[in-house]
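Below: the structure, in structure tokens.
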Amino acid sequence: MSSTTTNTTTATPAIQVNGNQSSSPQSPSSSTSTLSPPMSPSLLTRYREQKAVNKQIEKQLKEEKKIMDSELKLLLLGTGDSGKSTVVKQMKILHLEGYSQEERINQRQFVYRNIIEIAYSIIRGCGVLNLTIPSQFDSICSSIEEIYETKNYTNLDKNVLKGVAELSKNESFINAANNSGSNFQLHSSSQYFLDDIARFSEEDYIPTDQDILYTRVASTSVSETRFSVRGIKFRMIDVAGQRGHRDKWIHHFSEVTAILFVISLCEYDQVLEEDGKTNRMIESIKVFGDIINQRWFKDIPIILFLNKRDLFAEKIKKTGISICFPDYTGPSDDYEQSLVFLKKKILSANKTSKAVYTNVTTATDTTNIGHVFEAVKDILTRQTMEEGGI
């Protein structure tokens with residue numbers, strides 16, 4: 001286009017109008033009429049606001065991609081028999097491919113081991129409670145004790161399991177099983193296995209998901225489980241919770257995204273296997289306090305699982321929490337009041353100003369853990385985005 005400040009007679013080149021060339025030249029005055037009118041103040045404000053929104057959306061999308069591309073490290077902590085390993089099993093069921101037939105067959109030995117350990121504990125409990133098991137069960141009791149001592153569970157004779165099934169109907173055995181707790185130690189899942197003992201003794205028995213979830217195998221090392229939830233990658237590290245293994249925890253404190261701390265609600269009337277005298281609930285609260293008050297974790301989210309809700313609800317019908325906490329003055333069999341009291345006791349170990357995300361869980365309930373972990377994912381995603389300024 002010719003400049004409007006000269007008087008040359010050179011023809012004005014054709015200009016593009018919606019992609020078509022105009023064949024006739026235009027005067028300077030007609031050319032300036034094609035410019036857009038100035039933007040009104042209100043329109044300009046809306047434009048700037050939309051531009052800011054678009055910029056924020058772009059930033060959020062970049063941060064979400066960053067989260068998707070990274071791996072969130074979850075450190076799973078808690079004392080022995082809190083249910084930590086059950087949470088790991090649930091991740092395998094929910095977010096990996098579950099258990100193969102070969103893995104289920106391999107898990108069978110742990111089911112048998114649990115049954116023998118439960119039967120052995122109850123037999124010993126009968127002695128503690130001065131309950132007599134009839135002599136007709138002498139042979140099966142001897143077999144149970146021998147297997148327990150040798151730890152040979154792989155090729156367990158099914159007749160032994162059938163013998164346990166018969167023994168479980170005996171009145172002394174039943175009374176001992178119902179009066180464990182502070183009297184002697186018993187697996188928290190004992191009722192599950194005793195109620196279905198006939199199925200476990202079948203020749204073609206293959207463990208179900210529930211059987212595997214209820215099976216207790218004490219962690220003695222560190223295990224890592226990698227999985228994804230809606231595109232977000234997680235690495236869950238389960239560290240053994242017994243006293244002798246806690247010195248290993250510090251080796252996994254670096255680059256932690258969050259800590260999942262698990263406490264069993266039903267351990268208030270039990271003592272540690274390690275020393276036979278320390279109350280397990282008191283020990284769990286102490287260890288929780290040691291972790292949450294560590295300077296390493298001042299900026300790390302702490303997610304608390306108050307686990308074994310189902311067993312807790314059953315236990316307080318017989319034994320109230322005042323056996324551990326004399327300052328509890330509510331009804332001994334009131335689930336809600338007992339739960340609120342325990343929650344306050346546990347959280348009182350937090351001497352920092354940081355929030356603790358608390359969930360009441362049943363780790364053997366796949367639906368419950370699925371919902372809880374979705375909430376955990378949302379918490380961690382939101383926290384990561386807030387750290388990115390979103």
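Backbone N, Cα and C define each Cβ position, glycine as well.
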Exercise. Which range, 55-60, 199-204, 361-366, does Swiss-Prot list as region 'G5 motif'?
Worked result: 361-366
Exercise. In Swiss-Prot, which of the ranges 73-86, 101-114, 325-338 has the region 'G1 motif' annotation?
Worked result: 73-86
Seminar exercise, completed: Students should find that the region 'G3 motif' stretch in Swiss-Prot, chosen from 124-133, 234-243, 264-273, 284-293, is 234-243
Exercise. If you average the pLDDT over the region 'G1 motif' (73-86), what number do you get?
Worked result: 92
For this session: With the region 'G5 motif' (361-366) as the reference, find which of 73-86, 211-219, 303-310 contributes the most Cβ pairs under 8 Å.
Result: 303-310
For this session: Could you tell me how many residues in the region 'G1 motif' (73-86) are helical, how many are strand and how many are coil under DSSP?
Result: 3 helix, 6 strand, 5 coil
Exercise. Given the binding-site residues Leu213, Val217, Val239, Ala363, which one has the fewest other C-beta atoms within 10 angstroms of its C-beta?
Worked result: Val217
